[in-house]
Amino acid sequence: MFSSCWLKSSVRYSRLIRQFSSENSFFKVELVPSDRKTPLQPRKVVAPRFEKKTRQKISDYLKQMATPEIEAKLAPLRAAVKEYGDLIRDLKAKGAPKIDIDKAVVELKARKRLLEDTEIALAPKEASFDRLKLEDLLKRRFFYDQSFAIYGGVTGLYDFGPMGCSLKANMLQEWRKHFILEEGMLEVDCTSLTPEPVLKASGHVDRFADWMVKDMKNGECFRADHLIKNSIEKLLNDKKTSAAVKQDGQDVLARLEGFDNKDMHEVITRFNFKSPITGNDLTEPIAFNLMFPTQIGPTGDFKAFLRPETAQGIFVNFKRLLEFNQGKLPFAAAQIGLGFRNEISPRQGLIRVREFTMCEIEHFVDPEDKSLAKFAKVADQKLVLFSACNQLDGAPAQEVAIGEAVAKKTVANETLGYYMARCHQFLMKVGIDGRRLRFRQHLSNEMAHYAQDCWDAEILTSYGWIECVGNADRACYDLQQHYKATNVKLVAEKKLPEPVDVNFVEAQANMALLGKSFKKDAKKIQTSLQQLTSEQVSALEEELLAKKLYNLSVDGQNYALTPEHLNIKKYTKKIHVQEITPSVIEPSYGIGRIMYALLEHSFRQREGDEQRTFLAFKPLVAPIKCSVLPISANDTLIPVMDAVKEELSRFEMSYKVDDSSGTIGRRYARTDEIGIPFGITVDFDSLKTTPFTVTIRHAETMSQIRLEVSELGRLISDLVAGRQQWSDAQAKYPKFEASATE
């Protein structure tokens, strides 16, 4: 019986091997840029021999982070390994002959080896990404560093150096062009100090919190969900952990986003998790509000907070913005500014910080019509969507056209889908690797009760999938909350096809009697009565008639009203417009997180020289567009240098002159390291013709061309703006072969 089963299974497995070989899963021919003056050479790539720990790291990475294409290739191999693992257990349980078990073990080992080799061959470079080398580069070249470092530093606060500051500024400039200018948005710049009543109305005072646990002996604090995640991942990587415990841990990780304090306490207790620093017991999770409190003015009575998001400044200015837009919907407002969150335990560099730059859009739209004319322009654009259904079913993310996703109601509406597509375009434009970008839908227990749909743009880094952009349909919640708190209507008018007669019922307060009965609370009661809908007033009237008493709840306090406290007014009015509270579609961008992901995705190592690292930014966002390098300090080159600088300045191209005494190769390496995409070399051949000529070197490929200085500014400008690619320049201008190795 075993022999027959083994034979059939082996035949199927042989087909798998032939399939993967034919698809070049293991053997590829690629052209590798040489570091020396040698042409590109074909090189056979095979799965390298990694040590066991590294192979396991790659396998674990692919189980969590594989793209749909990679997962489709690995799934049958994993199933083949599982098949023989189950078969061996079954043979042992039935007391099968040792020779049959040994045959099965040999086959299982072969299948495991094929799976491991395939994982290594298919694994993207980031699976074995060396974060320490990137961090060394960023710190050494001062892209950013911990704030107040000479005083010991403060976790969660960072200062950007010249390169980091310029990179960030270029990203923000491109964001402003991509959204505010192209979409005709209204830009505002609101204060970071926010009075407590504003954030009380928005819900931040009561609900903007994370669950925190403390070391019971020394009081050290940890964010509960992060502690659980890190502890479970440690268990999963421990060979001594049983299969049942690993499965339990994986189930917890899949549901962790929706856990409350009770769920987290149950997990910490069940797995017996301790403090990762001391091993001490932990307290039960408690809520920790993430806002920084402060006071406005000298008395300390005016409570305020540093804003946790920029959105509230737009909401409270809605009436002014609507007026500026001639009262028309839809329209979008945008703001670029700082947000502040008092994180419990900031980790992972720029990914989790206490002060950060946000770019937020609030798109106000008719809640009954969220269609968008411009959606047709992006309907065919494909995005990798990780829907809530796929998450719950354990299925991988899928590449889907956004038009199809909206048509099937996977994405709630056209406006939300449009901003997701535009988000994808922006991230690709600044240099995010499209293979490491997906949109994950919030599960129902993750979303706020008022939200209708939410998709996070997540970028894959060495820390895992990181939420960098939130795209949410917030419905009418925020404007309604601020109306309730201020009694200022935040509505738009929608013209009706034909005038209609509408019956109104209002509760008018008897302020004289309310003042006698309720003193200072009379005004608050009057405001609450004014905010009642016609249906609520009718219910109030019925209760007053039946019981001669009505309990009105305001801010959690009840007030007993009698018929004498108010008058019920009924009337009919012909209306030509309908007042509506707009829904809000909100894309929210965390610039620091996108910037860190970009740094990882742009990090490179020279082939054959792993110590020679550099950053390959897209010219559009590169901190400095080109370097200017004289081949020597000879004074005869000065006129050419001056002409080059004048030409670059004419086209507003940033440049860095490096006229130090090092070799040209060493200077190339220095400028490559900080992400300068183009190097302009002034050599003695530059003087041989009139007008002067120079060479331009492309940092990533190290190829060079020669052209006249008069053409330099236009070419660099076109390369930066994307009007030309480097391949276009190579086709137009003569190739330059360096006379010395770099």
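The backbone N, Cα and C atoms fix where each Cβ goes, and this holds for glycine too.
Swiss-Prot has this to say about the protein:
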DOMAIN    73-129  domain 'WHEP-TRS'
BINDING   GLU309, GLU360, GLU586, PRO587, SER588  glycine binding site
BINDING   ARG341, ASN342, GLU343, ARG352, VAL353, GLU467, CYS468, ARG593  ATP binding site
Requested in this report: Identify all same-chain residues not among GLU309, GLU360, GLU586, PRO587, SER588 whose C-beta atom falls within 8 angstroms of the centroid of the glycine site's C-beta atoms; report them in sequence order.
Outcome: THR310, ALA311, MET358, CYS359, ILE361, GLU362, GLY470, ALA472, TYR589
Query - Cα separation, GLU586 (glycine binding site) to GLU343 (ATP binding site) (Å, whole number) - result: 23
Report summary line: GLU343 (ATP binding site) -> DSSP, reduced to three states, gives coil
Query raised in the report: Including all protein chains shown, what's the count of other C-beta atoms within 10 A of the C-beta of PRO587 (glycine binding site)?
Result: 25
Report task. Have a look at the binding-site residues GLU309, GLU360, GLU586, PRO587, SER588 and say which one has the shortest Cα distance to ARG341 (ATP binding site). Result -> GLU309
Query raised in the report: Where does the mean pLDDT land for the domain 'WHEP-TRS' (73-129)?
Result: 81
Query raised in the report: Does ARG352 (ATP binding site) have same-chain partners at least 6 apart in sequence with Cβ under 8 Å from its own Cβ, and which are they?
Result: GLY156, GLU343, PRO346
Query raised in the report: In Å, how long is the longest CA to CA span across GLU309, GLU360, GLU586, PRO587, SER588, which the record gives as the glycine binders?
Result: 12
Report summary line: Listed in sequence order, the residues of the same chain lying six or more positions from VAL353 (ATP binding site) whose CB sits under 8 Å from its CB are GLY156, LEU157, TYR158, GLU343, PRO346, GLY592
Report task. Could you round the CA separation between CYS468 (ATP binding site) and SER588 (glycine binding site) to a whole angstrom and send it over? Result -> 8
**Report entry** Taking residues ARG341, ASN342, GLU343, ARG352, VAL353, GLU467, CYS468, ARG593, which bind ATP in the record, the widest Cα spacing (Å, whole number)
**Finding:** 18
Report task. Take the C-alpha atoms of GLU360 (glycine binding site) and ASN342 (ATP binding site) and report the distance between them in angstrom, rounded. Result -> 20
Report summary line: Comparing the Cα of GLU586 (glycine binding site) with the Cα atoms of the binding-site residues ASN342, GLU467, ARG593, the shortest distance belongs to GLU467
Requested in this report: Tell me the residue counts in helix, strand and coil for the domain 'WHEP-TRS' (73-129), as DSSP assigns them.
Outcome: 50 helix, 0 strand, 7 coil
Report task. Sorry to bug you, but what's the C-alpha spacing from PRO587 (glycine binding site) to GLU467 (ATP binding site), rounded to the closest Å? Result -> 12
